[in-house]
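For reference, TrEMBL has these:
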type     : residues  : note
TRANSMEM : A:7-25    : transmembrane segment
TRANSMEM : A:31-54   : transmembrane segment
TRANSMEM : A:61-79   : transmembrane segment
TRANSMEM : A:85-104  : transmembrane segment
TRANSMEM : A:109-126 : transmembrane segment
TRANSMEM : A:155-175 : transmembrane segment
TRANSMEM : A:209-227 : transmembrane segment
TRANSMEM : A:281-306 : transmembrane segment
Ligand SMILES: Nc1ncnc2c1ncn2[C@@H]1O[C@H](COP(=O)(O)OP(=O)(O)O)[C@@H](O)[C@H]1O
Ligand SMILES: [Mg+2]
């Protein structure tokens, strides 16, 4: 298989999976849209956790900024979806950039604590700014104009799903390109040994800020998609709890690989959906048990495990 | 002409311990200087001070006549000062070629670029190929670095510095941990370095020191104990007593 074939194959996975999911779950398109949006935010988290090696519990700050930004824009400025998406991305990037200036000189536990602190400060600001943000009632009554002026958002979430899936697909293709770029290579080097990159003349701080801002922009896109398709934005989108949830999804799927984030979001959301239907009270126990099993038996997550399995079936030694 | 690299009364103490004591050194274009001295003499610390890995306690560091005492490692690297590490520090998730590529990307100031592009790819790959040939590791290019023997990892450590084509190169025990049978690959690569480059290398193997150095600086307890040509140092009784004698045992 040539690199070109592999690239085309990889690019086809998301569209094919989207069609398959739409056929298998014809009456659950709104749920599928949620999966695509969640996959997008997990993908953005993977940039920080997997590629830059920075464990964070504050990723919701950017997702929430995108959600509130897009919601306010739709309510007060213009309910056009694509410009709203851009507003969400910019909101996420802005929060990420400003917090990166504070965050990116710290490491490890200090970094982790600061991500929590920044998220909680933002949460409280939004919570207290009731007049603008609706406080703990959130923002609702978001009614979007047709996408591209043509496609109406429907009650069943059909358009929502395809809209989210296309954005996810485009971002995924962009990230595949970026991860393989000089910037992506340097980011991984900084993760492995930042000081060593500095001895070669690399600007560690600059790299981290740029990466965090990029990640924040994507998280902001996801937040905007959520606001536009669910039509409600609540404080949960800005919470440390949500940050932890998406971190769990990433670890389940496999951090450091773009596929890992996608798989993790899909599996987590499916388990959540069905386990919560069977037992709405204790479904988190299922998730916990599965997570423990993955951490113990599949240190590289579901995707790492899948890859090892495929390699074994092909009779190749694992890389 | 001012020296490529200079230290003036350079000192460093950790708590009460003076690890670098009033060191004056000047490295010029084409110099091959061996830095020797017993374990714990402060050789690595001196490299750390010159490269900017550690802040100085007092004194000055100059590159090309400019004071860089308070400049970051990154800025000193841009001024052509590159060092290697006594204990190999490579990007452990990467293959040999990717590690060299990381260095080449920094050299061409492309670390923030989102596209390779034809021209940049050519520049970077030319550096990578040149160094793979230099350290004779073309057949290892796609090996994950963690799967290499330690001696091979030392070669890659040197290779990273070779990619950078510095003006001054500080090599901290480049052959340490390399089996005797392979140390000639390292030494050959060092010997092929451009003649106008200033090289400081720390080395314990006196055969290698006498073969490659033109000048020797003997460091004892953080201070320059003796300095001179290889012949002068070889004939210096004090050095023999303190250092060479000890190394012979
Ligand atoms: N970061 C540090 N903190 C405290 N002491 C140090 C530190 N780095 C080196 N030293 C001490 O400085 C002395 C010189 O160390 P080093 O420069 O590594 O010697 P050499 O490379 O000549 O073997 C040693 O006694 C060492 O224990
Ligand atoms: Mg040392």
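Backbone N, Cα and C atoms are what each Cβ position is placed from, and that goes for glycine too.
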Sequence-remote partners of the transmembrane segment (A:61-79) [C-beta within less than 8 Å, at least six residues beyond its ends]: 41, 44, 85, 87-96, 99, 115, 118-119, 122-123, 126, 132-133, 139, 141-145, 215-217, 219-224, 226-228, 233, 235, 237-239, 242-243
In contact by Cβ distance (the transmembrane segment (A:281-306), the transmembrane segment (A:31-54); 3 or more pairs under 8 Å): no
Same-chain residues at least 6 beyond the ends of the transmembrane segment (A:155-175) whose Cβ lies under 8 Å from its Cβ atoms: 11, 14-15, 18, 22, 27, 29-33, 36-37, 39-40, 43, 47, 81, 85, 147, 218, 221, 225, 228-229, 258, 262
